[in-house]
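Written below as structure tokens is the structure these notes are about.
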Amino acid sequence: MNRAQLKRTGILRMALGGSAADPLLPAEEGAGRPAPFVLRALRIALVVCLYWFTSITMVFLNKYLLDSPSLRLNAPLFVTFFQCALTAALCLGLSLGAACGPPGCPGLPALRLDPKVSRSVLPLSVVFIGMITSNNLCLKYVGVAFYNVGRSLTTVFNVLLSYVLLKQTTSLYALLACGVIIGGFWLGVDQEGAEGTLSWTGIFFGVLASLCVSLNAIYTKKVLPVVDGSIWRLTFYNNVNACVLFLPLMMLLGEFHTLYRFDKLGSPSFWGMMTLGGVFGFAIGYVTGLQIKFTSPLTHNVSGTAKACAQTVLAVVYFEETKSFLWWMSNLMVLGGSFAYTWVKGLEMRKEQEEPNLRNSEKNETGV
């Protein structure tokens, strides 16, 4: 295997299997004395709460914009387009604001639109569009309570892509966890059908969203060198490309005609909700990075699983839904399988990191 193949394999393995730490994020503490335990615990608690609040609020806002009976806006691509445009504008605005700040103030990297870089990012942008569009369409056609189960196969696709692209096998315990997730998914689909609330369109987009999330991780790792490893620049280019690509799609699906006939197009409250949804969509990337920075990728996955559980309970209470015991079991199976997979992969990664140290220690003891 030549150097290029080794590099490509390493990139895909990091994208599919995760890593112990994200090199793009700064360390939690500097070279000085670490912060007191109480202060660190309080900071972690605040970051986790901020992540939960931002993520759950964004889902409920998007559900309102996509499927509210009072709004009656059947233009999911426009909603997604607006959020991408607002994200690109916020990236550019914050970058310009940082550039105009005090000279000694560490700012964000300068942003400018380079057509060559934009073309290099384009394959990722296509996957990115598929991911955010299918996520929003899944949310449009299924309830918030079922949203987590409807798009719960991301872990399963990670395992499949690891094998197909890397010929990398997965441990038995991790496969068992995936089996629990698949079982919970099918049980949830069955129970939604039994309650008369099943949408096969929503299920299709949920599965597609799961696949696109896995592919997005792969392409993100591959494209990062093009933007000098800057997530900030990648976010900017991704959303600019997405805005351009969404325009012909909106025209093809007749959403401009839908917007022309929309009776709330001049309503300040509508645009306020649209702007709020876009701000939360922009903020989720930042708070996700914060949670990983102040905890770890493993803790972030566990927190995301617990957040999904809280989101499901809140949705059932808020929409005053009544769910069967088997429906709740499907959610517990998905959440439990996801947690188990995260835990198993964390143990395997720790073991992989400890083995080289153990071998080096044995070599030193034997004098080799």
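Cβ atoms here come from the backbone N, Cα and C positions, even for glycine.
Just so you know, TrEMBL annotations are computer predictions that nobody has curated.
Note that the coordinates shown come from a computational prediction; the quantities given were computed from them, not determined experimentally.
The domain 'Sugar phosphate transporter' annotation in TrEMBL covers 43-341.
Per TrEMBL, the feature transmembrane segment maps to 37-61 (among others).
If you look at the transmembrane segment (73-97), the same-chain residues 6 or more away from its ends with a CB under 8 A from one of its CBs are 62, 65-66, 107-111, 132-133, 136-137, 140, 232, 235-236, 239-240, 242-243, 246-247, 249-250, 253, 255, 258-259, 262, 264, 274-275, 277-279, 281-282. Sequence annotations record features per position, and here TrEMBL assigns transmembrane segment to 73-97 (among others).
For the transmembrane segment (117-138), the residues of the chain that approach it from at least six positions outside its boundaries are 62, 66, 76-77, 79-80, 83-84, 147, 150-151, 201-202, 205-206, 208-209, 212-213, 215-216, 219-220, 222-223, 226-227, 233-234, 237-238, 240-242, 245-246, judged by C-beta separation under 8 angstroms. Taken from TrEMBL, the feature transmembrane segment applies to 117-138 (among others).
Taken from TrEMBL, the feature transmembrane segment covers 145-166 (among others).
For the transmembrane segment (172-189), same-chain residues at least 6 beyond its ends with a Cβ under 8 Å from one of its own Cβ atoms are 146, 149-150, 152-153, 155-156, 159, 198, 203, 326-327, 329-338, 340-341, 344-345, 348. Marked as transmembrane segment by TrEMBL: 172-189 (among others).
The transmembrane segment annotation in TrEMBL covers 201-219 (among others).
Feature annotation from TrEMBL assigns transmembrane segment to 239-258 (among others). Outside the transmembrane segment (239-258), and at least 6 residues removed from its termini, the chain residues within Cβ reach (under 8 Å) are 73-75, 77-78, 80-81, 84-85, 87-88, 91, 113, 118, 121-122, 125-126, 128-129, 132.
Positions annotated as transmembrane segment by TrEMBL: 270-292 (among others).
Look at TrEMBL and you will find 325-344 (among others) tagged as transmembrane segment.
Sequence-distant contacts of the transmembrane segment (201-219), counting only residues of its own chain at least 6 positions beyond either end whose CB sits under 8 Å from a CB of the stretch, comprise 11-12, 15-16, 123-124, 127-128, 130-131, 134-135, 137-138, 140-142, 146-147, 150-154, 156-158, 161, 165, 189. Under 8 Å from some Cβ of the transmembrane segment (37-61) lie the Cβ atoms of residues 139, 144, 147, 273, 276-277, 280-281, 283-284, 287-288, 290-291, 294-295, 303-304, 307, 310-311, 314-315, 318, all in the same chain and six or more residues away from its ends.
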